[in-house]
Amino acid sequence: MKVGIVGSGMVGSATAYALALLGVAREVVLVDLDRKLAQAHAEDILHATPFAHPVWVRAGSYGDLEGARAVVLAAGVAQRPGETRLQLLDRNAQVFAQVVPRVLEAAPEAVLLVATNPVDVMTQVAYRLSALPPGRVVGSGTILDTARFRALLAEHLRVAPQSVHAYVLGEHGDSEVLVWSSAQVGGVPLLEFAEARGRALSPEDRARIDEGVRRAAYRIIEGKGATYYGIGAGLARLVRAILTDEKGVYTVSAFTPEVEGVLEVSLSLPRILGAGGVEGTVYPSLSPEEREALRRSAEILKEAAFALGF
């Protein structure tokens with residue numbers, strides 16, 4: 001099965017590398033305005049496949065996306081140190097106005113998987129530009145934030161992160177909502193499990209974990225300029241869910257008719273992901289404080305998209 005990636009920068013190339021190592025696709029096509037960059041990444045990643053899986057990785061044009069089941073949209077400008085994801089909006093919306101029509105001309109049946117930041121607003125932009133059913137335009141959303149939340153909880157509790165079920169909702173960014181109230185470990189409510197484990201979560205512990213999740217991207221960008229390994233692996237996992245019709249639940253961003261009274265906004269909620277993209281949304285139980293925080297997050301994203309006319 002073929003997967004396309006538009007944008008061969010750090011996120012696009014990391015995604016291609018993760019796809020190859022995990023053996024998610026049989027063919028990966030990298031498309032970029034800088035053909036030499038795309039070719040260099042494709043050749044380098046191809047040389048890793050003898051140590052992993054038989055995946056054909058190559059550079060191509062938009063026409064080479066024909067037949068792709070999923071296309072990752074990673075084109076855009078990089079986030080600068082200290083710059084919020086929403087400040088990227090104007091620059092990256094202009095890029096998508098050129099990219100989305102060309103992708104759909106070549107691969108009209110593909111699920112569009114948006115990775116460009118600010119990802120929630122860019123998901124809304126891609127949805128409006130594409131005129132596709134809303135489920136076929138999926139943003140990477142808070143999958144990485146959710147993974148960070150689970151990893152930090154697991155570290156505190158000294159359990160495997162795979163046993164932790166906790167979500168980050170709303171914006172992939174400053175207004176994101178860590179859902180503590182419905183978090184579980186091995187099917188046991190989080191606070192109850194923590195007490196039984198002898199690893200109670202004090203207010204200071206919760207503040208430290210919240211800070212660790214919320215500020216992770218800023219710390220990484222300050223240290224090395226960009227984040228790409230984590231999101232590359234996350235995107236590869238979403239592609240696998242689409243190609244295998246997995247119907248797993250992921251906190252991805254998609255157009256949502258209404259959330260907490262805010263209409264027509266793209267943001268992250270737990271969603272069922274399969275061959276057609278988003279096939280359903282699971283609205284979790286939230287505390288009153290979490291509901292209010294989610295409403296505020298939705299309003300921030302709604303205002304940003306509205307300012308662009310989307």
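Cβ coordinates come from backbone N, Cα and C, glycine included.
Positions annotated as NAD(+) binding site by Swiss-Prot, on the basis of experimental evidence: M10, V11, D32, Y62, G76, V77, A115, T116, N117, S140. The annotation substrate binding site is assigned in Swiss-Prot to Q79, R85, N117, P118, V119, D120, D145, T146, A147, R148, T227. Summarising the annotation, Swiss-Prot assigns beta-D-fructose 1,6-bisphosphate binding site to R150, Q162, S163, V164, H165, A166, Y167. Look at Swiss-Prot and you will find H172 tagged as active site, proton acceptor. Residues annotated as phosphotyrosine in Swiss-Prot, with sequence analysis given as evidence: Y218.
Positions of the features from Swiss-Prot, shown on the structure.
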residue: D32; record: NAD(+) binding site; DSSP (3 states): coil
residue: Q79; record: substrate binding site; DSSP (3 states): coil
residue: A115; record: NAD(+) binding site; DSSP (3 states): coil
residue: A147; record: substrate binding site; DSSP (3 states): helix
residue: S163; record: beta-D-fructose 1,6-bisphosphate binding site; DSSP (3 states): helix
residue: H172; record: active site, proton acceptor; DSSP (3 states): coil
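DSSP assigns the residue listed as 'phosphotyrosine' to a helical segment in the three-state reduction. Within the set of recorded positions D145, Y218, T227, the entry lying nearest in space to H165 (beta-D-fructose 1,6-bisphosphate binding site) is D145 (CA atoms). Among the recorded positions D32, A147, H172, the ones whose Cα is located within 10 Å of the Cα of A166 (beta-D-fructose 1,6-bisphosphate binding site) are A147.
Here the recorded positions are Y167, Y218, and the one ringed by the most other CB atoms within 10 angstroms is Y167. Highlighted in sequence order, F149, L153, A154, P161, A183, Q184, V185 have their Cβ within 8 Å of the centre of the Cβ atoms of R150, Q162, S163, V164, H165, A166, Y167, the residues recorded for beta-D-fructose 1,6-bisphosphate, and are not part of that set. Annotation for the recorded positions R150, H165, H172: lowest Cβ count within 10 Å of the residue's own Cβ, H165. A helical conformation is recorded for M10 (NAD(+) binding site) in the three-state DSSP classification. Note on proximity: of the recorded positions M10, G76, S163, V164, Y218, the one nearest A147 (substrate binding site) is V164, by Cα distance. V164 (beta-D-fructose 1,6-bisphosphate binding site) counts 23 other C-beta atoms within 10 Å of its own C-beta, drawing on all protein chains shown. Counting in whole angstrom, D32 (NAD(+) binding site) lies 18 from Q79 (substrate binding site) by their C-alpha atoms.
The Cβ of Q162 has fewer other Cβ atoms within 10 Å than any other of the binding-site residues Q79, N117, Q162, S163, T227. Taking only the Cα positions, the spacing between Y167 (beta-D-fructose 1,6-bisphosphate binding site) and D145 (substrate binding site) is 8 angstrom.
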